[in-house]
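Peer 1: Take a look at this one; I'll ask things after.
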Amino acid sequence: MALSFCGSDDGTSAYNVSAGVFTNVCFVDALNLVPHVFLLFITFPILFIGWGSQSSKVQIHHNTWLHFPGHNLRWILTFLLLFVHICEFAEGIVSNKEMNTDHLHLFVPAFMGFIAGTTSVVYYHNIETSNFPKLLLVLFIYWVLAFITKSIKLWMFANKSIGLQELRFCITALLVILYGLLMAVEINVIRVRKYMFFANPQKVKPPEDLQDLGVRFLQPFVNLLSKATYWWMNPLIMGAHKRPIELKKIGKLPIAMRALTNYLRLKDAYEDQKTPDDPDRSPSIWRSMYRAFGRPILLSSTFRYLADLLSFAGPLCISGIVDNMKNETNATQIGKREFGVYFMSSFELLQNTSVLAVLLFLALVLQRTFLQASYYVTIETGINLRGALLAMIYNKILRLSTSNMSMGEMTLGQINNLVAIETNQLMWFLFLCPNLWAMPVQIVMGVILLYYLLGPSALVGASVIVLLAPVQYLIATKLADTQKSTLEHSTDRLKKTTEILKGIKLLKLYAWENIFCDSVEETRGKELTSLRTFAFYTSMSIFMNAAIPIAAILATFVMHHFIYGSCPGPAKAFAALALFHILVTPLFLLSTVVRFAVKAVVSVQKLGEFLQSDEIGDDSWRNGDMCTSIEAGKKHLGGTKAINRKKPMRYQMDNYEQPTRRQMRPTETEDVAVKVTNGFFTWGSNLSTLSDINIRIPTGQLTMIVGQVGCGKSSLLLAMLGEMQTIDGRVHWSNKNRNSVAYATQKSWLLNATVEENITFGSPFNKQRYKAVIDACSLQPDIDLLPFGDQTEIGERGINLSGGQRQRICVARALYQNTNIVFLDDPFSALDIHLSDHLMQEGILKFLQDDKRTVVLVTHKLQYLIHADWIIAMKDGSVLREGTLKDIQTHDVELYDHWKTLMNRQDQELEKDIQQDSQTTLERKTLRRAFYSREAKNQMDDEDEEEEEEEEEDDNMSTTTNRRSKIPWRVCWCYMSSGGFFMVFLMVFCKLLKHSVIVAIDFWLAMWTSYNNSTTTDPEKESYYVPVFIILCSAGITLCLITSLTVEFLGLSAATNLHHNLLNKIIHAPIRFFDITPLGQILNRFSADTNIIDQHIPPTLESLTRSTLLCLSAIGVISSITPAFLIALVPLAVTFYFIQKYFRVASRDLQDLDDSTQLPLLCHFSETAEGLTTIRAFRHEARFKQRMLELTDTNNTAYLFLSAANRWLEVRTDYLGAVIVLTAAVASIYSSSPNSVNGLVGLGLTYALTVTNYLNWVVRNLADLEVQMAAVKKVNSFLSTESENYEGSMDTSQVPENWPQSGEIKIQDLCVRYDPMLKPVLKHVNAYVEPGQKVGICGRTGSGKSSLSLAFFNMVDIFEGKIVIDGIDICKLPLQTLRSRMSIIQQDPVLFSGSIRFNLDPEKTCTDDRLWEALEIAQLKNMVKTLPGGLDAVVTEGGENFSVGQRQLFCLARAFVRKSSILIMDEATASIDMATENILQKVVMTAFADRTVVTIAHRVHTILTADLVIVMKRGNILEYDKPETLLEQEDGMFASFVKADM
């Protein structure tokens, strides 16, 4: 009976119970089986029935609802129980080997216990999620039974004086304790939930988050196992393959992680520090962060310490395995026998190599789980902190005093930096901060272990590592500095590029592209120099990281050789090798962490200053008492609380009610809406801006405030709104009025939203009202032009509108709001006469006055004074007069007369203005052109995409999956090739060589240590090992340096070439390209994408190649030592392939989501800071806070999912790594022959350990590289654009020097189109212009006038006919020649930043006299003379420091500087007032008397004096003659134009 349960040694009866039942070991062990079998019998049917009916679960989230008390404790205890069962099983098997026959009772109960333990946890989980607590009774009975049976066994051992030195006694004791604890947990559940033995069981409801199906982030709610392995992420990550992850899919944040919750926590911690006895003390942000988020950080640090301790198990197990490989055969028995059964000592089990291998595996799995848990907790806390800080900053922004913003103490830039940079720095600091205290401990432990293994020589190696750490820190700081200087240069380069792209049309017309291109290249050169330094330092840092372990190993072993005259044994050597690898990581990271800590300190300082800055007084009229007295001017912290604190979990805005529309108003009792009595107001400094103000605003009437520029009209409005600091006096609002004031500022402020949202501004939509408002502001024609009507996005990120359009939208917003009081601050400033009249009549007089709303209007247009019910005249910050127009007429005749003369002047201008084609039509025209071209572009894009899809549809998989999981090899190849083939070859060669050398070093070490351990040592052989080892190590270090340099510099040369080609391609692209490609898109290539190519791709590429090669070399080494490993490799490789495939797709989607949700958040902050006064006047703070919280939460959700996905990946690759270590260990143990080299086993295991570290880096870097390669792809797509044909068919030498001399123009059968895909804009045009003639061209908008002017410069596609100038067909000329010999003045003036001289003559060919002469012709000489520096005076970006009219005159001067015999003026006088224009007309006639001038006119009277008039319609010439003859034809087009114009 070989396989009996009790075994049959020496023929003794194993079943003998004569000495009492409980003295028979076998019986007690059989008794131990009973509870396990009982549990399996009862639970299996329940589980199967349960699983059958599981489909009836209603709500998706209930299956993650964990609500039995002691939940986590139970999981931990069960895991411990399973671990002890494994130990018991191992002990049983090992003891069994010592017996003569098999004793099943030694290990079968342990095995059954393991199965029962697993079942118990599965059973428990199912009961908990389906909420049947009564069924837990089964488990309770099981724990009791198991506890009793194990106690009997323990008692039996104690009787026989078997004590702690025997392993089986320890295990049994542990099991008794565990079962006892589990029993206690079960009793606790009964106590709390009262489901048994109590009359009324407790009812529980699932938490709010789980009732809300919108919450998809389940990490806080799933059980411990799922938490540790991120199992709940599986559906999301697998699903990403079929369809991309969208915002809907990631849902909302759980309540505990929302910005609001965390803001309240942080704010409480912050406010609690303000003590009553010391109110001025600024609270410490560090302390409040610690109070609000300290606990999770401590938890994370605990996990981190556990992981670090476990990480040392690896080297120790390796040394144990290698040591015991040899001793397996002749192991001695140390244990003793009792009851006829062998009892082993605790020490003996740890000498068994198989046991050690399993232990190593378990330690690795646990270590990795703890490490990832620690990362996750810090990241979640970091995200929570960021949300809280953002909310804190936002609340502060809403309360910032206006003077702070306007006096420049707090610029928008600073606020944007706080939001974009400082909060992220703090978040990153939190991510890394557990390292600050974990790493020193890890380093000290490592050094102690090394000393224990190798003695004093280890200290030499460790000191190498420690001494090089400061160098790494130095490099890290240098890197940060270089990055700063790079950033400065790249902002500079971007500014220049933006200017070029904005003025590209002008540059092309004047043939100046190359001059400007060179200036960008020059800045790029500077940027590349600092990038070179950056690359150098990066490669040094990579080099240090790779070379330090080699140097340390070299120092240690050579030192050991000199001290002891020999090398350590393989067991110790390889444990030391593994330890060095462990030690390098914390040291490398430490420099980064310290750098982040320094940055975090700075960030906190900035944040503190910001949170302490001035706030506006808390206006008491918000709160019902009517007078704002002096006290309000004193700072009052606290602000309005937007959240009701009794239920902080619901977003509840208690003091945000929409001002309700009042019913039909009774006759107003008070006739004063606002009253200011002896007010003195200031903008922060103690000088009062407004002094001695006594005014009243009558209710329901139109009040106008007039006065010169800068006399404090706008300030008066802001003072009434409570934005200024009150020195003295009070503002009194009548009690119904101060809900909210509709306020339109002078500088228009738009939200990033649709036109409709900008106008309704959070009020309910009412169709009639909306229509009325739009008509009053004459916005309909503008809206019709927009691509999606009033649903078009406008604002920073949307479509750029002109000033007038923006201003009208702001006025429309004020009109639409349902408020009693409307403040309009100079709403007419950017509007032309027609529009302002219409707005005055329809909007202000009709719409507002019919509603009996109180209107306060600041204006410069005195002709409207007749409509005013009440007038306030201001001068130098005080009120000059107040009253009706009649009062002023009688009391202050002087003022009235003064106004009258001004009015007459304005009326004359009015008459003149009516003759013009108004500014507005011009704005609408530019808008129309932009969209016309953009639609065409969209058609083209669609076609391109279809082509791409067709190419990829050959594969039979669904295209989406395929397209999304493919690595873009083509793009990678393009990137590599732009780096230069020699560099690529060098990089690949060096990399391979370096890794071979590193493998060689370790291999040599293995041979050396094993040789040393063998019985015969030969001193000569020994001395021959050392020099080879030194040579190999030095070679390895050198190669590390070379490879890290080649990769970085390969990246640099690629970046250089890509940017150079991109710039040249784009600058030489045809003008059509700029019409159809949005400017932002081109700029993105030059900013974001270039930045990625410059700085991000090289390190990623380096890291990817390094980690891949390390993994491959490791797997190679293991396979060559133990070929059996290859069998296990196949399933592992398949698993790995699928993990990385799924992860890459999901990661890319989540990264996109994170990026796309970040932008709106930053925009919301900056637009709030810009529109502070408006938001506060409207009282919409609460709505904006709400929006900010939503945006923050959305962004945080994306970021949380992204980091959870990273953890998902890392846990999986780490477990794979652990399996690799296990298989490698098992393979080497079972395939080792007595004469095999021990050192090689150590080598294989050490390599297997490194794989675990690098597997996830391979995938992470692959995913990153894929995202980054998209930048190369985008740049590449622009590199394929066609350039203009710059050559022409004539050689430059064939063109006469002074061509075109006379300026004769022949247009023969000319057909022109913008693009081969579009309809022609000019059809068969014929004309002849004699030398020196003055020609006028007119026609309606879109008749092809401007296209004709572009045709002269060959800027458009001339596909039929030709233009001959002085006998030469212009299509044959080289473009540079053609464009440099003619002049044009465009309708939109473009100036570049630089000096005036540079703007007039970038080629630097003219003398100063010539420039002054040109300025004189353009009526600018006197103005330029007064500027500092004269011709070298500064022009800011876009010429913002000159008015539009002056800019236009500069453009004229620019054309005069180039004395060409043909001048083309394209609506050049649109933005100049009449008087100047008349002078100009005369000047042009005299200065260009003998030259050909072609004028494209939009005010017909300017071409009445021309020699020839051409009237165009729809791309054809309609009339062509002298103006006199044309005027005689009564029904002619020209005649009708002139009539309309008169």
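For all residues, glycine too, the Cβ spot is worked out from N, Cα and C.
Below are the features listed in TrEMBL for this protein:
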DOMAIN    306-599  domain 'ABC transmembrane type-1'
DOMAIN    674-901  domain 'ABC transporter'
DOMAIN    985-1266  domain 'ABC transmembrane type-1'
DOMAIN    1305-1539  domain 'ABC transporter'
REGION    936-961  region 'Disordered'
TRANSMEM  73-94  transmembrane segment
TRANSMEM  106-124  transmembrane segment
TRANSMEM  136-157  transmembrane segment
TRANSMEM  342-366  transmembrane segment
TRANSMEM  458-476  transmembrane segment
TRANSMEM  534-562  transmembrane segment
TRANSMEM  574-598  transmembrane segment
TRANSMEM  967-989  transmembrane segment
TRANSMEM  995-1012  transmembrane segment
TRANSMEM  1024-1047  transmembrane segment
TRANSMEM  1114-1139  transmembrane segment
TRANSMEM  1215-1233  transmembrane segment
Peer 1: Would the transmembrane segment (995-1012) count as touching the transmembrane segment (73-94), if touching means at least three Cβ pairs under 8 Å and pairs must be 6 or more apart in sequence?
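Peer 2: When sequence-distant Cβ pairs are counted, the transmembrane segment (73-94) does not touch the transmembrane segment (995-1012), since fewer than 3 lie under 8 Å.
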Peer 1: Cβ under 8 Å, sequence separation of at least 6 from the ends of the transmembrane segment (106-124): give me the contacting residues as numbers and ranges.
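Peer 2: For the transmembrane segment (106-124), the nonlocal Cβ contacts are 5, 29-30, 32-33, 35-37, 39-40, 43-44, 46-47, 74-75, 78, 81-82, 85-86, 88-89, 92-93, 95-96, 136, 138-139, 142, 146, 175, 341.
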Peer 1: Please identify the stretch among 306-599, 985-1266, 1305-1539 with the greatest number of Cβ pairs below 8 Å relative to the domain 'ABC transporter' (674-901).
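Peer 2: It is 985-1266, which has the most Cβ pairs under 8 Å.
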Peer 1: Under 8 Å, at least three CB pairs between the transmembrane segment (342-366) and the transmembrane segment (1024-1047) (pairs 6 or more apart)?
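Peer 2: No, since the transmembrane segment (342-366) and the transmembrane segment (1024-1047) share fewer than 3 Cβ pairs closer than 8 Å, they do not count as touching.
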Peer 1: In terms of Cβ proximity under 8 Å, which residues at least six beyond the ends of the transmembrane segment (1024-1047) contact it?
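Peer 2: Sequence-distant neighbours of the transmembrane segment (1024-1047): 536, 538-540, 542-543, 546-547, 550-551, 553-554, 557-558, 561, 567, 983, 986-987, 990-991, 993-994, 997-998, 1000-1001, 1004-1005, 1007-1008, 1011, 1098, 1101-1102, 1105.
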Peer 1: Should anything in the same chain at least six residues away from the transmembrane segment (458-476) have a Cβ under 8 Å from its Cβ atoms, list it; otherwise answer none.
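Peer 2: Same-chain contacts beyond the ends: 443, 446-447, 450-451, 537, 540-541, 544-545, 548-549, 551-553, 555-556, 559, 576, 580, 583-584, 587-588, 590-592, 594-595.
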Peer 1: Same-chain Cβ contacts of the transmembrane segment (1215-1233) under 8 Å, 6 or more residues past its ends?
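Peer 2: Distal contacts: 229, 314, 321, 325, 353-354, 356-358, 360-361, 364-365, 368, 1115, 1118, 1121-1125, 1128, 1132, 1135-1136, 1139, 1241, 1244-1245, 1248-1249, 1251-1253, 1255.
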